[in-house]
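Participant: Pulled these from TrEMBL:
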type	residues	note
DOMAIN	4-46	domain 'F-box'
DOMAIN	486-584	domain 'Hemimethylated DNA-binding'
Amino acid sequence: MECLPVEILELILAEPKLNLEDVLNVSATCHYLRDVVQNSSFIWKKKFEIKWPQFMKLFDNDFTDWYKEAQYIYDLSSRTHALLSTMSPRFYKKNEFSDCDLQEWVELTEESPRAYNYIVFDLMTIITTCTPIKSIEVVPVDTPGNKTLQYYSVKVLRFIRQLHLAKEWEKFMALPAKDQILEKGATFVAQWCQPTTNVEWEDIAEQLDHLASEARICLKVAYPEHPLHKIPQETFKKWKVENLEGNQWNVFECRQIIRCLTSVMYEQNKFRGNNNAYYMPENSFINDVLTKKQGLPITLAIIYESVARRLGLKCDPISFPAHFLLRFTEGQGESYADSYYIDVFNNGNVIRKGACPHSRSYTDNKERYLPPASARQVVERMTNNLEVSCRQHTHPNGSITRLRSTLELLHLISPNDMSAVVSLARIYMLHSIDTKPLENYLLTREFEVAEQVQRIVHMLRDYDLHHKQNFCEPITQTKPKSRPSNLTFAVGMVMKHVVLNYICVIYDWDPVCMASPEWQAQMGVHRLKNKDQQPFYNVLVEDESHRYVAQENMIPTSNTGFLYLNEDIGKHFSHFFETHYVPNAEKEKEFPADTEVRHKFYQKMQFGS
């Protein structure tokens, strides 16, 4: 080997069939090969590119220390897993995290220029691992496929993504107006609200490019002499990333492009408004709308405007109170008096001037056209739609994570919106989330209505004074519960409600009903055979809610339904094993006597004994 020139060794070891681990094994054979491997930027760049191609865009062309960077990724991954493994013991009793609970993750993501990207990749790998765990016993938290590890990975991922996106939003807002294109604003919303989905503007832009390409092909067939066909590629690249100051075509050329664009969007690709499930959140996510071809008016308008811009057409987003339309002015340099509206929600129908009931606003009895909405205003309206969606689709006893996340987004986009601040403060107080950052924000900014701010600050301080709670102190005390003799079922068993027919899994129980008299009266507990003097179970339901159910109202079932949709499954259980969910280590400590009941239930279901 020592007779071979280093360049030949490098070419051999850089061969794609040899993975990174193979190269490390070669380097361990002797001092000479170790020195060759460790000192070769060529080998490690090739191996790095094969193993982590998604990270290559993060490096400058003159970067050479690939071996050290690979070492750092492995070391950071080890520390990420170790830190995740400590979270269930520390936060088992917490339902919602405060920012201070996750401060160590901030430090981890900021320790190097690329640490954030590496940690996101690691967390996504954990979350998407579907390895089945074939054990009836409790398993270590770092077992691949462990739902508890995935649960905390999602919590951390949401937190660090949104911290990162908050900085990206400030950068976006600092750009000149011509660079604040709507598709990037819509991508930002989709990224914020879907932390476990990799939504990249480059992917969104590629799909929009494809739609524009289809429109150009349609135009080539229908109008082969259109001047668009002579536009150089550099101009198309500019239109892709910049807002246009005006149309690039005369009236007749504009009409030809509009006809082809409408045909491509609504006839070939079947884009349409979603009337059946109008306020479902996916209707506001540009990645989902591009995939499913249906959505809200504002998301469809952003897609239409983005494709039109790539073709040299300027479409202004107009945020009417009851609808969202695009205003289009034919030709070059014409006034709003020559404009009409495109209803993207209804097959791109054209609404002529004077025919649109929302086309004018009145101020001091003077007729004025609404100005185009800015990128910030469009994103704000999208977020308001998402808040309505969250309030409509969040179960009263379910997780508030999506609503909290949406309100935090609204607060980021419209920091002076006091209604969003009040809503956020109420959620924080109701769910024991640290209110200090919100209070500090209010005290360090200037607002038009200072009295309103003072009232909110007083409310937060009054709450803090009366609760005297250290929000960021982990709650780790878990005391074992003794099973009463009349308790039939166990934590982890999958049940069916005999009256309401929903599927659920038990995660806690009380020997008798511990709910308030008001709740008992409302739920008709007095009409039950055993009334409140029977065990009551806390259960997770397939509609993502938490409920409190009497023992006589439940029977065991082998049907798990859609329980996997309940994001709190991983807080209590590590995996599903054949007939039941297996508790994680913290849940097992709390309910040690339930293990025997679960195992007997498993034997009965499997062997009839």
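In case you wondered, yes, glycine gets a Cβ from its N, Cα and C as well.
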Participant: I need to check the long-range neighbours of the domain 'F-box' (4-46): which residues 6 or more away from its ends have a CB within less than 8 Å of a CB in the stretch?
Facilitator: 64-67, 69-70
Participant: How does the domain 'Hemimethylated DNA-binding' (486-584) divide up by DSSP, counting helix, then strand, then coil residues?
Facilitator: 20 helix, 37 strand, 42 coil
Participant: Give the residue counts of the domain 'F-box' (4-46) per reduced DSSP state, in the order helix, strand, coil.
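Facilitator: Residue counts for the domain 'F-box' (4-46) by secondary structure: 30 helix, 0 strand, 13 coil.
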